[in-house]
């Protein structure tokens, strides 16, 4: 009985055109990762459950895909536990492996496991799929790629400078102008918490402040008061409500505001070094913007926080990252600082599509189709095809001696720009009739001319 | 509590050097797939279990990795079934998804599901990992890549011709000389079965014949008799025991031998077309050899059968494939013929490694490391680094102002061929001191000279 075929929700098939475009983005990212001295590693798709569980919070634990043990997996489950029919308890007994949830925890595991083969600072990149049992929705999938670059083993702020440059050059190479690289620092956020007097109100505070554009200063202050932040505290951070200007101007105001906080002052200094250096070296296509409301991944970042926004399209962040001071501590290797950034492949794809920025040369199609008129003609054609392919030109032979109309339609549907016709006349003269599928124009050419026309 | 980190058995971490080499092989294969007009698709890592189960035999069903349903997966399991504590029956109730086992079944599913978007003949390639719960052993992993190219929707033998050429050009591009592309045809095997009078003895027959090199003609005949193949039958296929010479010579003898079998004669004709065409077009680095003992995947191949062996190394096949007349029938689309080949990435890697065929340029290392002598020097360096990277040269800045010896050791360990030293003198003169790490030679150069030396 034939089944109606389908794929699991939240997963995708990628067509040739989609793969070509995705590979284009990945190749640009990979090229720049390597230019910046990052080295590729790959880790297994599934890890021991103990490596992943407990690393992403309770929500994360639930969203990790677990793999059922092979064979008679119930045999070793003791009857008392089995009888309880408790999914959570049973999971630990019948599943020992789980699909990768992100690239950061496997990277930390890799660094600890291979610490004797690695030279610190270790600059690695990793471009691999991850899986999350999230409820699928527009733009959120259960299988998606992450493209990460991280450095471990150095606290130098030159890394942060280079990550800003890396974002700039990648988006510039993709033709994406006007990208904003937002930067903040966890220590600045801690400083603000100190200044407003209540550490536990920090998230309420930044969430409210983030709405400044939408609800105005009065609206923000109202929300802050509702969340229990005192008027005195709000008064103290008044400069944040007129927080415009260049990064340097903003830093001067922050510096004054956070003068009483040692940690806040350290954060301002770090940001100043990064912003001044970027000012001195310049950016190609992006703008660096200091955004004190940026609180992404507040739980684990300890220094710089990055997020990238495209301009001209309504789209969430297309990249993000930051510094985490104790990346490998969970696996027993203490005191190794890490900093890294990530590129959001799916969103970058949507942005490039919407702005029409994929180059025309990004295609999976052949340059020309040789029409098949029979055995002798096909043999004559296949020799030319061999030669063209050796010159790096994608060409194909229609495999069957089908009606010419059918073969032409095939070329047309696949957007193959040229067809090549070979009959007795061409074979006698050593020629090829080249047809431009767009204009309909035909001309007789030699193999040399054919090679020149088809080379891109 | 820190855990001692590890990975599941049968899986692998890939170091930067390994990823660089694997990517080199994949990029060569991908480039030639595209030159030959194959288009890339990608399918999800996990499929609905119903798509995969029952497609690979009982053994396959057991080796497919199943994914546990999310959430309270036991809630809907009825008590009677649960109480039976039967792993196999429970699996169907608590797991609906499974990891891809090969690329062929997902491809068949893709063709049927997207039949209205696809133009036949459809030439697709796919390079993705697959997972098998096999017992891990040397060279056999639970996660490994497959690199497949297939055409569906055409019965033309020109496909087979092109696949032989594709194998030839890929292995030629990888520098692997003397590869043997073995070819056989399922119809020839059927013809032999007809001639020896017993279809069910075919596998015993080919297995015995395959040992000719090792145990000699008498040994083979003895084994055949033991397996119940009659003396008369063995007498009839006597020519197979002296089966040497060119493909054309072998075909002449086969033709005579199988003259009484319609199917066998058809198989010989198909092989003759392929061998004659390859003879006419020539091969670069490989030899096409007719091997009537080749019975790979006998269960599903219906026409040509391919297998590739490297020379000069003890290694199983590094590629294989064939034609299957009803690829998509399992998903309800009848009468679609397919033919395809696969490249064995892991074995090709081992062969290239053993023969020292990886180009020296295949490396994940940077060309030069700028030594960090402090903030001003690093800023001067980072400007040169920006310029070099724009010229496509991989360079990096040591992030910390560490002891020079430590920085030099870092370059050395990572096999970075050059270091660049910048002090006050260099900054004043607008120079860079370039040090060749192999010879120890140092010289002062301008940025332009630096770019020229470092460009590869």
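Here the Cβ of each residue, glycine as well, is placed from N, Cα and C on the backbone.
Cross-referencing A:75, A:132, A:272 against the L-histidine binding annotation in TrEMBL, which names A:102, A:103, A:104, A:146, A:150, A:296, A:300, A:301, picks out A:132. Annotation: A:104 carries the greatest number of neighbouring Cβ atoms among the binding-site residues A:104, A:146 [cut-off 10 Å, Cβ to Cβ]. Once the Cα atoms of A:102, A:103, A:104, A:132, A:146, A:150, A:296, A:300, A:301, the listed binders of L-histidine, are compared pairwise, the greatest separation found is 22 Å. In this view, the densest Cβ surroundings among the binding-site residues A:102, A:296, A:301 belong to A:301, judged by other Cβ atoms lying within 10 Å. In the three-state DSSP assignment, the secondary structure recorded for residue A:104 (L-histidine binding site) is helix. DSSP assigns residue A:146 (L-histidine binding site) to a strand.
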